[in-house]
Amino acid sequence: MKHSVQVEVGGRPMVFEAGEIARQAGGSVLMRYGDTVVLIAATKEDRIREGIDFVPLMVDYQEMSYAAGRIPGGFFRREIGRPSEKETLTSRLIDRPIRPLFPKKYCYETQVVATVLSVDMENEPDVVALTGASTALHISPVPFQGPVAAVRVGRINGSFAINPSAKELLESDLNVVVAGSRDAVVMVEGGADFVSEDDLVDAIDFGHKAILPILDAQDELQRRIAPVKEAPPEVVRNESLVQAVRDAAAAEMRAVMTTPEKHPRRDRKKALKERIQAELVSDDPDRPKQIDNILEDLEKEVVRRMMVEEGRRIDGRRFDEIRPINIQAGVLPRTHGSAVFTRGETQVLAVVTLGSSSDEQKIEALAGETFKSFMLHYNFPAFSVGEVRPLRGPGRREIGHGALAERSVKAVLPRDGEFPYTIRVVSEVLESNGSSSMATVCGSSLALMDAGVPITEPVGGIAMGLVKEGDKIIVLSDILGDEDHLGDMDFKVTGSERGITAIQMDVKIAGIDRGIMQRALEQARAGRIFILGKMKEVLSAPRPELSPYAPRVITIMINPEKIRDVIGPGGKVIRSIVAETGAKIDIEDSGKVVIMSPDGAACDKAVERIRGLTQEPEVGQLYMSRIVRVTDFGAFAEILPNIEGLIHISQLEHRRVRKVTDVVQEGDEVLVKVIEIDKDGRIRLSRKAALEKPEGGGQ
């Protein structure tokens, strides 16, 4: 039986349809928003997956080319291989707000698949897919503790807008996705053009209010379908074992969790675990796992109690204190720009490479083919956390962290046309103990300035945490990895002194109100300003010159009709220019020519050659010409490559000329002036206009 629920979102109907499509999935919903249609299906296995301590949830978002009336590229002409960066980022966007809503100890393999079936280029499918994922789980047997919903918030001409169109987003200084439940915001992700903390909180509030009717629609659909929900996994506590572990480990756990350094703390924690396992050994095969879980709960309790009752963090810092910062710029001799940013036990090497327009990244998406001239790639090798792992391509986490840093830095890059380079930044995480993505933002900003990229201002980032126990609220600046794991909210804020450029926030508990969010953002601003001050002590502005090893790029415009003259038959002309100068030359259909070479003189020589081939004659300009043909009524002269004009016999001399050959011969070089170009493009030249008139006149 088909069920349909409709709600207005952002002035347009959002339709939830279930019961007719993908009926063998545990729960499925067809979401319609404008002409954007997304199918979301949620399914779980019947068997428990043994031996895991995490929610076995897979979220896959896929965009089908047919949704936009396109056929995929490549030999196979089908969607195969790795998901695109956008698909990966959207999968993460869906995963983050729904994963915490699975019951504790949930051990059934569960998959959520969101498939874009139609897209209208105005209504982004990502927030539709996120809302649909919650709906599919809500109407399935899965004991999902939702629902949640999401909207995109923009600000156009000072007014907030829900789910602005693609065209409106171009004019918006804010682009954030807000996901929430009925009681609280659970996730915020997006970028901005230097908005204030107050404005950001207003935007989040605005988005949360728009979410409430969408949650009502999900509840109404669930009421109509009336799924039989499975009972959440029963959490059975062995109270005697809990007490035994606490008695044996509590005192030492506090000593362990006040060890400032990461690896000594890890080693002491491991030794404590091994001691407790040995003391409480049993024939019960589940005993080791039970002890591990009890120790994990004890660790969380000890750390949180230290903060609430003693005002003490794991490494002894104040709640708003930033770890020691060390910065080095220009550390690599042959790269175009580099910097090492170290904050506590987190260290990042950022390296900048400059290239030409041919180095831009081609993006094939539903909206069509586009090109990226700025890329930021984040690498997280195993050695950065003292582990051993095969080297593989970037995972979802690395792609997500790179996208956050890219969004943060993009706001300060020179605008199109101001800096004719493709820019790639690579962040190599060399050590990690929390906030490596924020160290990437700081290191990338420094490396760009070291490369001489004219960014408008430095950008810094800070990762914040929150602990809430009853009415006691603690906001933590520059969190460690353990603090991230044990806290109630994790959010990353980036920006300059002017305002925020990006935010990523995940809330793990209810009850985070506007006041708490405002306080956390203000403390984040203070930390960001402190970090920016440290950065400016080392490098306060972009270097005035590019690296001597960076390519020199010159961009010129030519008449598109002249492109064939530059390329020549079979590419003969352009190959000769490249061979002669050593420069790399890219020509676009618009007539834009980009010349690049490590040698500035080579660039200049290539420009001279191209200008010579494409220069247009101008009335009133003087040209050194070559006589190519003589007639009774005048001489034809070549003033530019393949461009000829007529010097009429009357324009050869100030005096009367009886015979053309009395003045010029074929092959002579003579200075001429363009005196007219008629509507048919014929050029009239004058030799006498280029000569000084003799004293006393002359005919």
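Heads up, the Cβ atoms here are built off N, Cα and C, so glycines get one too.
Pulled from Swiss-Prot, these are the features on record:
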- ASP484, ASP490: Mg(2+) binding site (BINDING)
- 551-610: domain 'KH' (DOMAIN)
- 620-688: domain 'S1 motif' (DOMAIN)
Chain-internal residues near ASP484 (Mg(2+) binding site), provided their CB is under 8 angstroms and they sit 6+ positions away: GLY434, ALA463, GLY465, ASP490
Composition by DSSP (helix, strand, coil) of residues within the domain 'KH' (551-610): 32 helix, 16 strand, 12 coil
Residue distribution over DSSP helix, strand and coil in the domain 'S1 motif' (620-688): 7 helix, 35 strand, 27 coil
Reported mean pLDDT - the domain 'KH' (551-610): 90
